[in-house]
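Some notes on the structure that comes next.
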Amino acid sequence: MTAVSPCHDDFTALADMLGGIDCATANPLVTVRDPTTAQSWTQPVLELLMVALAVAALIHAVLWWRRRGDPANLGLWFATVVYVLILEPPLYFPDRFGMDDQVGLIFVHNVFTVQFLFDRLPLYIVALYPAMTYLAYALVQRTGILERRNPLLGAACVAVVFHAGYEIFDQLGPGLRWWVWNPAAPSNTPLLGDAPLTSAVIFAAAAPFGTALLTRLLLAGRRLAVWRIAAVGLLTPLAMMVFSLPTVPFGPAGRAVVLWVEMAALAFAAVIAFRGGPAEGAKGSYAPAAGAVYLAVMALLWTAADAPPTAMAYAAGCALVWAAVLLAQFRRAIADIGARL
């Protein structure tokens, strides 16, 4: 690996599609901009949402640890930060990490209020990992599945919930020019709506599956240790590799079949886990409240979207799944209140 260079051969062409980003003069560490200068009002709203959700998740994780003595939630939050620091830089500088031929430059982010690494990495992306992964984990945790079911089934539930929530965002972003996908990148075909199918399955399902599984195996019921947190973050990409390897021998059509089979397997496992019916799980208002705020803000942002019908249809389906999860959470919360009256 050589020193990081700010400019990739494909970067300028993709950046021009977003209005132009000067990679040559960008600050290598951090750049802060006036949020009122953003291309769209949706950008600072998205930033505020993700940062607020990440902070809320951290507060909940600390309270969970102090009140229950279980460090798993706090460990998961920090593990996702380790994961983002491991995963993201090679995606922005594939030529410097020896990944140009196999992966290529997959996408380019637009510039937001706070950017890192030569304007490549927005702060909201760093916040998104703990915000969404933790929220999906907490929503499943409230059902009791993580405690009463095999870790593989529990991780599958987290993966499906994360996928449903994340795809509402992933299908929206390109239409609002939050980022642009590179059509020439080998991994960006086939497409699912406005996003590569690999993003929808490998990133939005395999990764949270790995994080949740490792959290249950390495953090749940154990003493909090830095090496355990680091291990969860460092090993999560292995889950992505496991899901990616079966697609290697195939072209776009065959790759699509494999990815859909993997997604169906996770969904089937989640259905099996939920079939046991509700059980006594975690209580509290954080998960349903945060999930409802996320859905409401995403619905607002979708009013400004210019997305293809397939993207809108898939995002709508995922929104229904997310809403169904929230409805079950709120029904249980109301029942708990009624039981105390």
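Including glycine, each Cβ sits where the backbone N, Cα and C put it.
If one looks beyond the transmembrane segment (45-65) by at least 6 residues along the same chain, the residues whose Cβ comes under 8 Å of a Cβ in the stretch are 35, 71, 73-74, 76-77, 112-114, 122-125, 127-128, 130-132, 134-135, 138, 178, 224, 282, 284, 286, 290, 293-294, 297, 300-301. Here TrEMBL flags 45-65 (among others) as transmembrane segment.
Residues 4-5, 8, 57-58, 61-62, 64-65, 99, 103, 105-107, 117-118, 120-121, 125-126, 129-130, 133-134, 137, 207, 211-212, 214-215, 218-219, 224, 228-230, 232-234, 236-237 of the same chain sit 6 or more residues outside the transmembrane segment (74-93) yet have a Cβ under 8 Å from a Cβ within it. Annotation comment: TrEMBL describes 74-93 (among others) as transmembrane segment.
The annotation transmembrane segment is assigned in TrEMBL to 121-140 (among others).
Marked as transmembrane segment by TrEMBL: 152-169 (among others).
If you look at the transmembrane segment (197-219), the same-chain residues 6 or more away from its ends with a CB under 8 A from one of its CBs are 71-72, 75-76, 79-80, 83, 133, 136-137, 140, 146, 151-152, 154-156, 158-160, 162-163, 166-167, 170, 187-188, 190-191, 228-229, 231-232, 235-240, 242-244, 247, 255-256, 259-260, 262-263, 266. What TrEMBL lists as transmembrane segment is 197-219 (among others).
Proximity of distant same-chain residues to the transmembrane segment (226-245), defined by a Cβ-Cβ separation under 8 Å and at least 6 residues beyond the stretch ends, is recorded for 75-76, 78-83, 85-87, 198, 201-203, 205-207, 209-211, 213-215, 218-219, 262. The transmembrane segment annotation in TrEMBL covers 226-245 (among others).
Non-local neighbours of the transmembrane segment (257-274) in the same chain are 143, 145, 149, 152-154, 156-157, 159-160, 163, 197-198, 200-202, 205-206, 209, 243, 246-247, 250; each lies 6+ residues outside the stretch with a CB under 8 Å from one of its CB atoms. The transmembrane segment annotation in TrEMBL covers 257-274 (among others).
What TrEMBL records for 286-305 (among others) is transmembrane segment.
Per TrEMBL, transmembrane segment is recorded for 311-330 (among others).
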Self-check item: Same-chain residue ranges lying at least 6 outside the transmembrane segment (311-330) that approach it to Cβ under 8 Å
Solution: 139, 142-143, 160-161, 163-165, 167-168, 171-172, 175, 192-195, 278, 287-288, 291-292, 295, 298-299, 302, 305
